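Per Swiss-Prot, the feature active site, proton donor/acceptor maps to HIS41. The annotation substrate binding site is assigned in Swiss-Prot to SER15, ARG38 on the grounds of similarity to another entry.
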Amino acid sequence: MLDYLRDAAEIYRRSFAVIRAEADLARFPADVARVVVRLIHTCGQVDVAEHVAYTDDVVARAGAALAAGAPVLCDSSMVAAGITTSRLPADNQIVSLVADPRATELAARRQTTRSAAGVELCAERLPGAVLAIGNAPTALFRLLELVDEGAPPPAAVLGGPVGFVGSAQAKEELIERPRGMSYLVVRGRRGGSAMAAAAVNAIASDRE
């Protein structure tokens, strides 16, 4: 029999201990540091900490929104699948409309992506919601456009889209002009569905 650690709780404990020992978390307040640890745990890269941009109130604001029952709006089915429902404090609805037939029709009409169309279809649910965006820069760009057009902003944007085209630019637009939204995103090309879901999971419950 191979010799390896089998206890899930101990694997988690040791993993988080290694992350806290190796990552530079000094610039983060304690609540944000806990989220960053989760992001690192998801991707295995401690230098992610160097690229996290955030507003000081993001954990408190997103946490309060979730506690009040706000929905979690996701840009992809993968983000939605990664959110641990048992961690959500108020049986919060997890919404992803990327696979909705209406998104396909709207995307064709707008000549954009289904992810962007899915965000637009969620416009009425935006006020006070938590947005988990990990896949599509176009989804974040469309969110920013909707707020510019008068839609009430969500409480927070978490994660950040991954990619080589538009990803860094969409996040920088959010950072430079937050439009009343709190945020925690990974700058540059990195991001992804797993990171977006991890950010929600970390904020949804104090359990590490």
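Heads up, residue numbers simply count up from 1 along the chain you see.
Every residue, even glycine, has its Cβ placed from backbone N, Cα and C.
Distance from the CA of HIS41 (active site, proton donor/acceptor) to the CA of SER15 (substrate binding site) is 7 Å. Long-range Cβ contacts of ARG38 (substrate binding site) within its own chain (separation 6+, distance under 8 Å): ALA198, ALA199, ASN201, ALA202. Within 10 Å of the C-beta of HIS41 (active site, proton donor/acceptor) we count 19 further C-beta atoms, all protein chains included.
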